[in-house]
Structure formats: structure tokens, C-alpha cells
Amino acid sequence: MPGSNCTQATEFSLVGFTEDPAIQGTLFLLFLLTYLVTILGNLGMITLIRASPLLHSPMYYFLGNLAFVNLCTSTITTPRMLVRVLLGKKGITYAGCMAQVFTFDLFLLTECFLLATMAYDRYVAVCHPLLYPLAMSPERCSRLVTGSYLLGLTNGVGQTVSMSSLFFCSSSAIDLFFCDISLLISLSASDTTLSLVILRTSSSLLGVPTVLVVLVSYVAIISTILSISSAECKRKAFSTCASHLTTVSTFYGALIFMYLIPRSDTSRGGDKWAAVLYTVVTPMLNPLIYSLRNQ
């Protein structure tokens, strides 16, 4: 139960990175440039995919949705971080924090399912090319993408409902640049058992299967590629998967570092940069990676 001298928080303080004005100016310019490249890159990719009939294929259909999710993920976190660095405004209202938890968890899990769907798409293309038109028909692709968004929505609603029952003291400060659910749970002054159960259940039932789909798909893909006798055919087969594999490695590597590697409270400094990697850097890099690796 909350202490008698602890009042319910109406606002949280986002600690961010540093109070040094010189470093803050550098961070602002760096994050602003990154965000502008993210906006232009992902919007450009979405526009190009929709405008070009040559790109109306399952791979680019999934890629267009991934670009949209990356755009949303970056927009949820980066603008507020820029305002905080520029104006020194650390505060975020309780309602704003809960809205950020909802939208971020929605798009984070949606991206996990989209990456798993894209891995399955590459598996069918490389391992069962003759079945590809049937296995990845427009109707099935649409259902896979719709399911990804619905499961992401389910995760966002579940996590937000679990957070709404928690009590936070008015002095609560989040040692990050956005409202992260795991940090919020650790800051709560009330019983967090239900919230932890929902978080871990969601990670196990929704997050882990996406990782398994990616791993199994690429084990089968690599096995098939190694069995090809022609070096040129091997190169072409691998080139169809290299961009997606690069994106998956960056995205899941940052998530694993932040959420799954055990560490003490005094050794979590790298969490901020891991969060920057999957919320700011990866959404910027994805359009560049796919543009350079695909015709």
C-alpha cells in the first residue's frame, strides 16, 4: 500500500541523458537530424511502394507496413525528447505517459509480428518458390498484416489496463527519455504482481513466438542456400534475405540487451542507448538498409 505521505503522481519526470548544455545541444542536433531522415526515408518508401506497380508484391507490402510502424514508433518518442533537450521540460503528465505506454507497446509488438511475417515470406520464397504465389496470396498477406496490428493492439490495451491500477508517488522520476513500462512498474508504490504477470505473459505468449518464427525460418533458409550448388544462385538467394536479417539483428539485439540481460540497478546506463537504438536509430536505418540491399 502507498505510504501515508505519498500522494498520487499527476506528472512524471523524464531524466533523459545529461544536464550539460554543450552535450544537450549536440544531442538535440543529432536526434533532430536522425528524426528528419527517419520521416523522409519512411514516408518516401511508403510513397514509392504505393506509387510503383512493380513494387506491389508481398515483400514490399510488408515493407511498407514496417515503414509505417517505424514512423509511428519514432514519432511517439523522439519529438518529446527533442522538446525536453531544447527547452529543458522534463515533465510528462500521467495521462500522457499512459498514452505513450499504450501506443509504444502497440507498435513495438506489431513490429515484432511484421518482422516474423517477413521472415516467413522469405522462407517460402527461398525454400518453396513454386508454392509462393499460393502461400503468399494477397488475401493471406492482408490477414497476416491485420493480425499483426490486432495483436499489437491487444498488447497495448493489456499493458495500459495493468498500469492503470498502479499507484505512483508524485516524486517519481523515469531514468529514460520516454515512459517505458518496465521502469514504471519498478517505480510503483503499490503491489506490482498483476502488472508483472501481464507483462511476462504477454512477452511469453506474444513476443517469444515471433523470435522462434524468425529463427526457424532462417535456419531453413540457410540450410536451403547451402545445399545450392551454384555460387551465383547462392548469392542471389542470400541477397533476398540480407536486408531483413540485418534489420532483425539490430532490432532484437537492442531489445534483448535492454529487457532480457540481468543487471543491477546501478549498471543500467547502457539501457538508454539500447532504447535509442531500437526507437530512434533502427527506424532511420531500415529504409536505408532496404534501399541499398534491394533493387
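Each Cβ is built from the backbone N, Cα and C atoms, and glycine gets one as well.
What TrEMBL says about a protein is an automatic prediction, not a curated fact.
Listed features, source TrEMBL:
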DOMAIN    41-290  domain 'G-protein coupled receptors family 1 profile'
TRANSMEM  27-48  transmembrane segment
TRANSMEM  60-79  transmembrane segment
TRANSMEM  91-116  transmembrane segment
TRANSMEM  166-185  transmembrane segment
TRANSMEM  205-229  transmembrane segment
TRANSMEM  241-261  transmembrane segment
TRANSMEM  273-292  transmembrane segment
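Here the domain 'G-protein coupled receptors family 1 profile' (41-290) returns a mean pLDDT of 84 for the predicted model. Here the transmembrane segment (205-229) has Cβ contacts under 8 Å with residues 109, 112-113, 115-116, 119-120, 122-123, 126-127, 151, 154-155, 237-238, 241, 245, 248, 252 of the same chain, all six or more residues outside its ends.
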